[in-house]
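Here the structure is laid out as structure tokens; the discussion comes afterwards.
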Amino acid sequence: MEQKGRLQRLVAKDVQPPDPARIRVLRGHQLPVTCLVISPDDRFIFSSSKDGSLIKCKWEVDSGKRLCVVPGGKKGTEERHMGHASHVLCMAISSDGKYLATGDRNKLIMIWDAATCKRLHIFTGHRDAVSVSCGRWAWCLWGQAAVSSLISITAVLCLSICPQGLSFRKGTHQLYSASHDRCVKVWDVAENAYVETLFGHQDIITGLDSLSRECCVTSGGRDGTVRLWKIPEESQLVFSGHQGSIDCIQLINEEHMVSGADDGSLALWGLTKKKPLALARQAHGEQDSQGLQQPYWISAVAALRNSDLLATGSHSGSVKLWKCGEGFRKLEHLLDIPLVWMDGQVGFVNSLKFSAAGDFLVAGVGQEHRYCPPSLVLPRIAASPSSDSCWRVIPPISLIHRLGRWWRIKEAKNSICIIPLKQKTTAPSPESPGSS
């Protein structure tokens, strides 16, 4: 059922607005948070940033205790220094929780022991940044209980090739990576081996995801496409529907995925259809700047696996929850989770992850978009665990959009937000267990 994408938890209709007082904010990154992952057992949160440090924290409601800190180093010191020497743009954790992978602006992919934060190996081979961000960096692991107005009119093209996406195939140690060099690479982490490279995108790859099948999906930035890569056949399917740069993507199940773009649109896809099954334009609304109405970019998307619940982030001041309705043919807005309650203006939500159990959402926030300032500029127009029915959501928040599109919100706080999601309690059925 799960392999065919037919196993679905219908939970969206029961989600209630969280109590703002229960939303926990973890700080420690000095520069914008770019990405995060949650351990498969929902006990720890790993996050990365542009500040050059690695922090491992135990998710504790009261303390958010840090378990490990790996500082960043200077470029060229990677062999002597355990951490990255550039912005960390993406990360992934294996489904058994054994390996953590991080990718940076210096084209490197580092493999870590997730339990000890000891670096095990460095993969090289990408000719540009390993996708999803670009300076100094930091990554953190946070533990379970702690679970301007300027509109850019320039499009960016980074000349340095950075990894822009990482994902472990579920149930294996096979790792997929995507980069500014427009290619997807396959690695065997257990054997420290390179497997193959796939080509097809016409612009930098901005996001990547995979589940248990031997395939992955990617978003191609300004080439305007989403692609499904069939690894054994070395073939690809091309999907189109957004009008702007496609910045983020995630699989919902083995048959459906969701993506977001800088034109403000949110798209719901079926892997057998080349066009979106549903499209929500201006999903986070519009902003006024110098008399121009521009949509808020969709900077992060998250899906509670094998369910009908989605989350999106931008710099609009809130995380939005969505329901996939009518057999994945409709996107229904459920509620907004305001993040402006923090001390200062909210920044860019650069990463969003649901816990595996679906009881919280994590958001990574930064002063900047997760992507870095470009080398070349082209013209452009531009419930609590103690409650019987509680869901928690954790998003990373940053002062800057992770892609760094010439926009900085100085008042924002670089942070990790852990958001509990309450679920409606349903009255017991009057029917007996044996009745039909």
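Glycine is treated like the rest: Cβ placed from N, Cα and C.
Keep in mind that what you see is a predicted model, and the values were worked out from it rather than measured.
Annotated in TrEMBL:
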- 26-54: repeat 'WD' (REPEAT)
- 81-122: repeat 'WD' (REPEAT)
- 166-197: repeat 'WD' (REPEAT)
- 198-239: repeat 'WD' (REPEAT)
- 239-279: repeat 'WD' (REPEAT)
Spatial neighbours of the repeat 'WD' (166-197) far in sequence, C-beta under 8 Å, 6+ residues away: 90-95, 98-99, 101-103, 107, 109, 111, 120-121, 123, 125-131, 158, 160, 203-205, 207-214, 216, 218, 220, 229, 231, 234
Within the repeat 'WD' (166-197), residues counted as helix, strand or coil by DSSP: 0 helix, 20 strand, 12 coil
Secondary structure tally of the repeat 'WD' (198-239) (DSSP, helix then strand then coil): 0 helix, 22 strand, 20 coil
Residues of the repeat 'WD' (81-122) by DSSP state, where helix covers H, G and I: 0 helix, 22 strand, 20 coil
Per-region confidence, the repeat 'WD' (81-122) (mean pLDDT, whole number): 90
